[in-house]
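Novice: If you look up TrEMBL, you'll see 1-25 marked as signal peptide. Per TrEMBL, domain 'Plastocyanin-like' is recorded for 34-148, 161-309, 413-546. According to TrEMBL, the feature region 'Disordered' maps to 547-566.
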């Protein structure tokens, strides 16, 4: 049944994409020159590695199912890679980008051309570096417009505006995490938060700039909101205006309206806003959300939603945002998100129980390991099912594809925690052993996969945005406390679950996801809080080839960057 269901799923996907290909599939070319540039914020000048001398970097703007070639020139001082976040890259993991997972870094003085193959993604995605913390300054929007003959499943906006939410550090992002890892401690907090590279008017430096979005009265605008922050979930609002969410992670959702949104690191949301208030200037603002004892700095960063021909000061100086620790606001927002059965979306195809061949229950934790050279005699690590991921020095994709390299990874990631405990209880004096390793999950092509992601109170607890490369998956369920495999599956939403690539796993709760493994390759899975990923809150999903060329990994390009020492 698994193979039969896999073939049916593959055929349905091919039929949907074939329909799209009749009206699109243009080819685009971009040049990215990555080098250091100076930026002045908070009355301090900082040197950052950026693309084409801009922060944030250049926008890619194409249509659904197009192909994009990006030639990346490394004119910096150290190696890096770039990931096309949310692009499934069917059969093409070679251009997915995570360092030492699907490729080795692009070394200084060299270049590499990525081939980005779009399929059914629609709306807003983004790209970012995927090496150490370099993505903090190397990132930008990836906008996927409908094909020329396709409309939006909502009122057509008069214009669109990209809104990128960021963590601003006075310093080199790579050096910040390198120093923290060497000391075994948490990296320092950002100096500010930013909207499209502007830190706004709340930090006390008179030279700081504020992002202004100019709008015409009675026009409708599509906001393409991207959370590119390193470790912060954000609430976002525009004073005196309502926000209508229409898409998440490049998939349309059932429309719903709020006066704020919550967006986690890695996620994207498309939001409609009508300029239907009195002509004037209104604050837009962000504030972090946290349900962890290791809370971020509770700063508010501002922008301005400015009507044309408006004069004078701000119409509304009062910014209404939920409190940073408002878990009710978090849950109330997440509960609104549903898939929508519109023709512009792929048909909803959630694996049924009989299709599930691989089930994983994954406990998410922050831990400590002994460290003689560290400041406190221990170092912070993070784990999935008590395995703290160790990045190899030869990329896993190359080792898997060539089959002539041993010792790079093992195919024994545990599908259950080695010890079951009260994951969401008081774990103050509780400890459970953690092992380091490069252990991966391997599944067959076409089979249904279910993962239950369990947040724990190990370490500081709190939420985790979990991102899976190579797939969009169905977020089928969530609940408070410890997952109960006898009663909780009856609460699953198998009718209209959101189709996402990054899911918010709230603190003291669990989330269940399902998908068909119809994309052969090597795909990274990790927490998008970068300090957690740096500590090892990662694993890899390998999907074996199917029985045909169309269900198998493409051959590698001849220009793949060489791994150090090879």
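The chain as shown is numbered from 1 upward.
Glycine is no exception: its Cβ is also placed from the backbone N, Cα and C atoms.
All annotation found in TrEMBL is predicted automatically rather than curated by experts.
Note that the structure is a prediction, hence the values are computed from the model and not measured.
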Novice: With DSSP helix as H/G/I and strand as E/B, how many residues of the domain 'Plastocyanin-like' (413-546) fall in helix, strand and coil?
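Specialist: Secondary-structure composition of the domain 'Plastocyanin-like' (413-546): 10 helix, 55 strand, 69 coil.
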Novice: Which bits of the chain, at least 6 residues beyond where the region 'Disordered' (547-566) starts or stops, bring a Cβ under 8 A of a Cβ in it?
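Specialist: Contacts of the region 'Disordered' (547-566) (Cβ under 8 Å, skipping residues fewer than 6 from its ends): 10, 14, 79, 91-94, 100, 103-107, 110, 112-113, 115, 393-395, 398, 401, 445-446, 518, 520-521.
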Novice: Per DSSP, what is the residue count of the region 'Disordered' (547-566) in each of helix, strand and coil?
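Specialist: Taking each residue of the region 'Disordered' (547-566) in turn, the totals are 3 helix, 0 strand, 17 coil.
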Novice: For the domain 'Plastocyanin-like' (34-148), report the average pLDDT of the model, please.
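Specialist: Here the predicted model's pLDDT, averaged over the domain 'Plastocyanin-like' (34-148), is 98.
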Novice: Mind tallying the domain 'Plastocyanin-like' (34-148) by DSSP state, helix then strand then coil?
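Specialist: Its residues divide into 6 helix, 58 strand, 51 coil.
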